Amino acid sequence: MDVLYSLSKTLKDARDKIVEGTLYSNVSDLIQQFNQMIITMNGTEFQTGGIGNLPIRNWNFGFGLLGTTLLNLDANYVETARNTIDYFVDFVDNVCMDEMVRESQRNGIAPQSDSLRKLSGIKFKRINFDNSSEYIENWNLQNRRQRTGFTFHKPNIFPYSASFTLNRSQPAHDNLMGTMWLNAGSEIQVAGFDYSCAINAPANTQQFEHIVQLRRVLTTATITLLPDAERFSFPRVINSADGATTWYFNPVILRPNNVEVEFLLNGQIINTYQARFGTIIARNFDTIRLSFQLMRPPNMTPAVAALFPNAQPFEHHATVGLTLRIESAVCESVLADASETMLANVTSVRQEYAIPVGPVFPPGMNWTDLITNYSPSREDNLQRVFTVASIRSMLVK
């Protein structure tokens with residue numbers, strides 16, 4: 001994997017900097033590194049593909065070295081370099097694709113394709129190493145079963161979940177009370193509602209709670225907490241739990257009271273925030289508990305009182321909500337996030353070449369399925385294919 005990254009980094013630099021008119025002295029170190037890559041690869045043969053519709057390709061290396069010059073690089077020099085660069089880039093691209101479409105239930109962190117296994121040989125250690133990639137650093141740590149740490153922006157840690165629970169219900173569905181939520185990606189939105197606006201509740205107050213368990217521990221997380229759930233702020237028709245009918249939800253938004261958010265790790269509270277909105281932090285956690293209240297306004301203007309009558313029919317439904325958004329966090333496991341395209345890169349290659357479903361990943365690389373059942377085998381394989389995808393993205397956009 002280190003060699004593949006170093007190849008890709010060398011080729012990217014060469015493609016960007018070996019251009020007509022450039023002073024040789026400005027790229028002499030790069031050309032020396034480029035020539036070392038050629039010397040190391042010359043005389044070797046590789047084969048990629050042969051799975052799904054990914055075609056078998058044979059690769060043979062026997063390229064001449066780039067020479068020295070006292071002047072600027074001319075068109076002939078650059079054309080010679082380009083022919084070599086293009087072949088190497090095509091090779092790296094195919095090695096990456098060959099690796100991204102393979103999986104293994106055992107030791108999935110290790111190279112799975114013949115070509116990448118061959119590049120792990122001692123001969124190729126002479127290629128200049130560049131381990132500045134976070135993915136490469138963590139792949140090396142995971143390969144040695146040491147602790148890893150990925151920094152994510154808006155990590156996709158929450159499997160998609162959208163539903164509701166009713167604490168009070170009737171066959172007519174005309175006086176309901178309960179919670180509804182949408183968990184997806186890095187965001188939780190939860191709303192508590194009471195058609196009667198807590199008219200008969202103790203102290204005219206309804207208590208709501210929403211607990212979300214993460215599939216992996218997050219650390220040093222920066223989080224946004226807002227006293228609103230905009231996705232539940234407009235009327236909608238909702239299917240009943242048994243699917244026999246539908247019911248109407250017509251929210252009128254109130255501000256939640258006594259808001260508390262707890263971050264827990266193995267059942268122990270690590271951080272607690274009460275009535276604090278905006279940016280908060282959490283040290284480490286695997287569970288989030290949100291609690292909040294809907295309180296009937298003690299004083300109402302006639303217009304507000306008309307919204308919340310003391311008896312049925314209740315045409316407007318008192319609603320309070322919260323939004324919790326994980327802006328950034330560190331996780332020992334690899335995740336999809338908002339700042340990278342690794343999941344899309346891997347998935348698109350597997351779809352394009354009709355790769356058959358293997359023993360580890362779900363069909364279509366369904367992220368909700370993958371993260372819901374995030375086994376050690378899936379974690380190893382995902383880290384490997386994401387690392388390869390990060391290498392490929394240096395050369396192929």
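From the backbone N, Cα and C atoms, a Cβ is placed for every residue, glycine too.
Going by Swiss-Prot, these are the annotated features:
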- His153: Zn(2+) binding site (BINDING)
- Asn266, Asp286: Ca(2+) binding site (BINDING)
- 62-73: region 'Interaction with the inner capsid protein VP2' (REGION)
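Counting only same-chain residues six or more apart in sequence, the Cβ atoms lying under 8 angstroms from the Cβ of Asp286 (Ca(2+) binding site) belong to Gln213, Leu214, Arg216, Val217, Leu218, Leu264, Leu265, Asn266. In the three-state DSSP assignment, the secondary structure recorded for Asn266 (Ca(2+) binding site) is coil. For His153 (Zn(2+) binding site), applying a Cβ distance below 8 Å and a minimum sequence separation of six or more within one chain yields Glu327, Ser328, Asp337, Ala338, Ser339.
Long-range neighbours of the region 'Interaction with the inner capsid protein VP2' (62-73) within the same chain, counting only residues 6 or more positions beyond its ends whose Cβ lies under 8 Å from a Cβ of the stretch, are 18-24, 27-28, 31, 34-35, 38-39, 41-43, 80-81, 84, 87. Residues belonging to the region 'Interaction with the inner capsid protein VP2' (62-73) score a mean pLDDT of 91 in the model. Cβ-based neighbour count (10 Å, all protein chains) for Asn266 (Ca(2+) binding site) stands at 10.
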